[in-house]
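Novice: Next up is a structure, given as structure tokens.
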Amino acid sequence: MESTLKDMRDGATVLDMDPKSTVGGGVEDVYGEDRATEDQILTPWTVSIASGYSLLRNPQHNKGLVFTERERDAHYLRGLLPPTIATQELQEKKLMNNIRQYQLPLQKYMAMMELQERNERLFYKLLVDNVEELLPVVYTPTVGEACQKYGSIFRRPQGLYISLKEKGMILDVLKNWPERNIQVIVVTDGERILGLGDLGCQGMGIPVGKLSLYTALGGVRPSACLPITIDVGTNNEQLLKDEFYIGLRQKRATGQEYAELLHEFMTAVKQNYGEKVLIQFEDFANHNAFELLAKYGTTHLVFNDDIQGTASVVLAGVVAALKLIGGSLDEHKFLFLGAGEAGTGIAELIAQEMSKQTKAPLEETRKKIWLVDSKGLIVSSRKDSLQHFKKPWAHEHEPVKDLLSAVKAIKPTVLIGSSGVGKTFTKEVVEAVASFNEKPLILALSNPTSQSECTAEEAYTWTKGRAIFASGSPFDPVEYDGKVYVPGQANNAYIFPGLGLGLVISGAIRVHDDMLLAASEALAGQVTEELFHKGLIYPPFSNIRKISAQIAANVAAKAYELGVATRLPRPANLVKYAESCMYSPIYRQYR
């Protein structure tokens, strides 16, 4: 990916920094951090003592019935709570019982969001302890439906909304957020929410959901996380006519107007929060996603989960799957359906890992990877009409118009779907792949479930149980011919929380592709022999915090090695250090 972006930057890389700023494997503070973290002026009425009624209404500090007799006396809570004193475990049991009563996933989502607004630590306790059950509720696939209906279910703001109305005032808007020490920002402009298209301002559900996972799965403090939606309008006519729509009622701003707003935002973020704040671009359309990553990759700590996070988690699955399908990475042939952010990002990272393993030039390893877009196989005769991020994948071959013909021509061992279009891995396509592979690796990555290229049941049935299958959204286990198959989930939540934690604990100021490879290798290393016997290529989410600590340690080690880490000296044991930095949702005792 860095090589593609380097072309867009006229040869500049994320490591092109003044050598004077590099010391002992880290980087001196030459970026004016003091300015960003110095006390900001607050008007007196914005400060209140967290006690009594206000304490019960503060989600960061509220414990509900768990407040002890002593705490109730010390903090003026007598009479404001029923007399019983509960435990956090009892609260968790009651709430999980309540959530399981709801029939609709959106009802469960709304119950979880209400809990987050009322009792933050209890929300994260539920999410950490029941991650496999609640992850599909707070994130994909339910968050997609929540975004579609966000205007109707909107209760209170959970992040910052920056619209064209705030142009020229973005720094002041950032200062309106109550927390000062922000470490991770997830920002979207709502143009390409999952596989659902342009949802405008209602895309806020995505940054909110992502950051709840940064905390639950990666241990980043909730107070250090900031969800932001940049509202430049929407081209979704249905939303523009919806009386409950909460965003600007205008067509999307583009060109210079869009670029100027984004540049003001990026400048203001660094000015307000410093050099080490991670800015994760989320669900931007292709034409903006690559440009933003190229433009700000050398000046800010930026990461695009759709391009880089997806690539990292898929590479980990592919590397792990080699234990099941045999051979080394460079011995396999890859065919992608979809050549957008996700497809080209995954392809590039796989090519880089091949290059790293075989010492072959990147141009050579790319030739093992083929992409199909809406116009057919990407080949050299189409090069002049291709977008810049597709050009590296235009190989010598006669034109091929559809996926089935491409499968028959290329004969891939690995079939990957990132098209955002459901039901595109048809029976004919899957059977063709299975016809020349003993164990075909099929990854149907598009979200939400309705947009998946094929279902787990289809993949196992059409290959007579021979497929190694993983998807972007979760599928239930499938029984075929007397055997139960458990599909894997190539969920970005395996990667980005650990990656973010690694960047935070090392004080990194840039994201480099080698960090993504380090994250992939750490994740692939967590798949045990027992899991391989079950046909799984990803570890269970129940171990996600330990997995995130391993990923964070690998990423931090690479940051120190590359000289982009600022937290000196380097901790002796990065895994233990990562674990010690993780947020705990257990209640604190108040004096």
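Don't overthink the numbers, they just go from 1 along the chain as shown.
Here the Cβ of each residue, glycine as well, is placed from N, Cα and C on the backbone.
A TrEMBL annotation is a machine prediction, not a hand-curated record.
In case it's useful when we look at the structure, here is the feature table from TrEMBL:
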type	residues	note
DOMAIN	116-297	domain 'Malic enzyme N-terminal'
BINDING	ARG192, ASN447, ASN491	(S)-malate binding site
ACT_SITE	LYS210	active site, proton acceptor
BINDING	GLU282, ASP283, ASP306	divalent metal cation binding site
DOMAIN	307-560	domain 'Malic enzyme NAD-binding'
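Situate these features within the shown structure.
Specialist: Using a 10 Å radius centred on the Cβ of ASN447 ((S)-malate binding site) and all shown protein chains, the other Cβ atoms total 24.
For LYS210 (active site, proton acceptor), the same-chain residues lying six or more positions away in sequence with a CB closer than 8 A to its CB are TYR139, VAL186, PRO227, GLN280, GLU282, ASP305, PHE496.
Counting Cβ atoms from all protein chains shown, ASP283 (divalent metal cation binding site) has 26 others lying within 10 Å of its own Cβ.
Taken together, the residues in the domain 'Malic enzyme NAD-binding' (307-560) have a mean pLDDT of 94 on the 0 to 100 scale.
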Novice: If you measure ARG192 ((S)-malate binding site) to ASP283 (divalent metal cation binding site) at Cα, how many Å is it?
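Specialist: Here the two Cα atoms lie 5 Å apart.
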Novice: From the Cα of ASP306 (divalent metal cation binding site) across to the Cα of ASN491 ((S)-malate binding site), what is the distance in angstrom?
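Specialist: That separation, Cα to Cα, works out to 11 Å.
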Novice: Looking only at C-alpha atoms, tell me how far ASP306 (divalent metal cation binding site) is from ASN447 ((S)-malate binding site), rounded to the nearest Å.
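Specialist: On Cα coordinates alone, these residues lie 11 Å apart.
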Novice: Starting from the Cβ centroid of GLU282, ASP283, ASP306, the recorded divalent metal cation site, name every other residue in that chain with its Cβ within 8 Å, sequence order please.
Specialist: THR188, ARG192, ILE193, ILE206, PHE281, PHE284, ALA289, ASN304, ASP305, GLU341
Novice: Round to the nearest Å and give the CA-to-CA distance linking ASP283 (divalent metal cation binding site) with ASN447 ((S)-malate binding site).
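Specialist: Here the two Cα atoms lie 12 Å apart.
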